[in-house]
Each structure stands twice: as C-alpha cells, then as structure tokens.
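Marked as active site, proton donor by Swiss-Prot on the basis of sequence analysis: Cys128. Annotation comment: Swiss-Prot describes Lys34, Asn35 as phosphoenolpyruvate binding site, evidence class sequence analysis. The UDP-N-acetyl-alpha-D-glucosamine binding site feature in Swiss-Prot is assigned to Arg104, Asp320, Ile342. What Swiss-Prot lists as 2-(S-cysteinyl)pyruvic acid O-phosphothioketal is Cys128, and the listing cites sequence analysis.
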Amino acid sequence: MTVASTVSQEILNHCLAIEGQRRLQGVLKVSGAKNSALVLMTASLLTEELVELINVPNLTDIAGMGRILSALGVQVEHSGNGVALNAGNLTSHEPPYELVNSLRASFFCIGSLLGRLGHARVPLPGGCRIGARPVVEHIRGLKALGAHVSVEHGIVSACVKGSKKRLTGAPIVLDCPSVGATETLLMAAVLATGTTTIENAAHEPEVQDLANLLIQMGADISGAGGPVITIHGVERLAGVSNYPVIPDRIEAGTFLIAAAITRSPLRVEPVIPEHLSAVLQKLRDCGCQLEIDQTGISITPGDIQAVDITTQPFPGFPTDLQAPFMALMATAQGTSVISEKIYENRLQHVAELQRMGASIRVDGSTAIVEGVAQLSAAPVTGSDLRAAAAMVLAGLAANGTTKVSGLKHLYRGYDKVEAKLNAVGAQLERQQG
C-alpha cells in the first residue's frame, strides 16, 4: 500500500485485538515524521517547480493532504515512501471544506497560498478534537504582513491589496510559541518583500525541518529552532529533489515506551536523540537503561518507578507523548503526577485506562497515577490519535486480550503499526468490531 492509499472505511468497524504480556525483542523502525511531512507538502505550493520528498510515512493524514493539494491543482504522485508534488498549474485557492474538515494541518495552506498567489480562502481546520486549538495567532501574524483577513461562516479569507499581490515583511511577536502559527507565517514570509522577524517562535524540530526545506528551495531564513526567526523575502523559490523528512520523534518515543511497558529490550531506529531529550531523561529516571549511537537507541528496562511529567513546548516533554507515558506510569511502582499544560481536555484516555484497572484520579488538567501490579484486558477506545496509541501500549502490557477501537485515529499517525510491533514479538490482529 502506498502513501496515496487511504485506510479503508472498514477500519470504522474494526478493532485491534492485542494479546498482552508478550516479551518483545528486536528492532523497531521509525517512519518519517507525520507532523513534518504534512507541512512540507504544503510548502510545495510556494513554487512552480517540482518538490520531491522522501521518507514520507504511509498514513491516512498524508493521503488526506494529498487529496487537498490535488483539489488545488497540484499534481501529486506517490511512489513507495516518496511523494512528488508539482504546483506549477494551480486551479484553485480554496481547499474543499469536506477535505479540510478532517485534517487540522490543512490550514497551513493559507500561508503558502497567500505567499504565492496573494489570496486564499481556507476553511477552519479539523483533525483530532483536542481543546480549542485556535488559529488566532496565525491570523494576527498574517495581518501584520499586510494581509486583509476576514472570518465568515467558518471560512478564513485572506488577500493582499495592490497590483503586486505580495505580502510585506514585518516584525511579529507571537503571544505563545505556537508551532502551527510559526510554520504558517514562515511560509507566508519567504516570498514577501523585505524582512520578517518572528519572535517567540516555536523551537520544534518540525519547524527546523520546514526551514531547512525552504532554504534548499532558495529561501533566506536564519534562526529556526531558536526564539527568533529572521526571513529575508526572495522573488521566487525553486524545486527540490529527494528531501528527506526527519524521523518521527513521537513514534520513536511511543516505541521506547512500548519497550518499557513490556519490560523488553528493544532497539529503536532511526532516531535523532536531540529531538527526544526530555523523554529520554524521564525514561532513565523511571528505570530504563539507554544506549544511544548515531543511528538509534537501545533500551533495556529495569523495575519501572513512578516519575512526574509536565508537558511543555519543545524541548520540554511533548504533549503528544503524555497519554502513552501515562499508560507506562499506570504500571510503575509508586505514584506519579502528570500535568498537561499544552492542550485543554487532553485526559480523555484516563477513563479507558481505568477500564483496564489503572488507578488514576484527575484534578483539572492533572492526573495522579498510582501504579498497579497488573493491567487487565478490556474493550477500550482511543478518542484521539495519541490516546489510541496509549490503549495499544496498555494492551501490550495487560493480562489477556485487549480490543482497541478508534483505529481511524491510530492510523492517522502510526505507519504499519501492527506489522512493526508483530515483527518484534507482539501479537496484534485487526478484527471485526
């Protein structure tokens, strides 16, 4: 199955049956980063030339982005783990609502369309329903660059007045280091006249990956990965061949937690350790031995002890690994305190872990987890992407066969997850729900 393929509607009626307490051994391969690949695909809108990406994961979200870009007139061709995008003949500046509604990353199109064409109409985004996740910062930044922006009936309309249809560089100070706003404004600014600075910019590796791609395309960008990004606008961008998407740090972290929760020695590769520093430290703190080299990480779990975590913007502990790490802490010795500081309403997985025997109580955006000796198999549902991953991890550790529903969420972010885990000794089988 190629990245052009989408997982069948059959997954809505299926579940994953997971036989727990199997010891794992071997190497888990990490795919390209979903959150990077999605925004890199939208960057293809900034040039009339061919953009080729490699190490692209095979996910429903990637297929969805391909459909959105195709609807705008982009020629999208998938081959293996590569995707070629040619936006030389755009036919629309408004992605269809029915496609955008299911994918939050679709909103990135507004920055690249506005930068290239001088106008765009983009529906407010969909995706996992985690808290408010507003786009206020994106819009405020686009206005600072000279765009006229209005929101009506769920559609964001933006345009640049004047004959040249080009944005104008400006200083922008974000109220918070939003990844989405940073990436949207970065793409909008690369073709603007003059110089743009983005202060309080997001530091995430995915932002750095986008900047690196744009630089290879001819953009003049400095400071990506730090608090201030400077963009000197250029007249045009060129294409790029075989640009590799960075490894998915969230998938890598999930696999390391899979080793810890099953008390199994595993190797996870490829990994860029600097992208997971906070997670690696917490794994060490809770009793795991890590050996890190240039290509990956070997993990040997010991007796897992409770540790506290607080989600923070990069380089802090990532919110996307909060639910998976909570599953691990549910099996630890002692009591851990897990505080979610990035998104509201991101503790929906607690009730499902409790169904499996986890001892957890919630106080606002904080969960207090008292480790238990054994989780028990139960029918559970992943309410969002990372909650679904947490259910899979809990199922790997539980006594009995756990059935996890909500696979439409899981396949949005984990490439060939059953095959990868089964290859190291797990037993996962998709069944009729």
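Every residue number used here counts from 1 along the chain in the order it is shown.
Every residue, even glycine, has its Cβ placed from backbone N, Cα and C.
This view paints the features noted in Swiss-Prot onto the structure.
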residue : record                                        : CB count, 10 Å
Lys34   : phosphoenolpyruvate binding site              : 25
Asn35   : phosphoenolpyruvate binding site              : 24
Arg104  : UDP-N-acetyl-alpha-D-glucosamine binding site : 20
Asp320  : UDP-N-acetyl-alpha-D-glucosamine binding site : 21
Ile342  : UDP-N-acetyl-alpha-D-glucosamine binding site : 20
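The CA atom of Ile342 (UDP-N-acetyl-alpha-D-glucosamine binding site) is located 16 Å away from the CA atom of Asn35 (phosphoenolpyruvate binding site). Cα-Cα distance from Lys34 (phosphoenolpyruvate binding site) to Asp320 (UDP-N-acetyl-alpha-D-glucosamine binding site): 12 Å (rounded to the nearest whole number).
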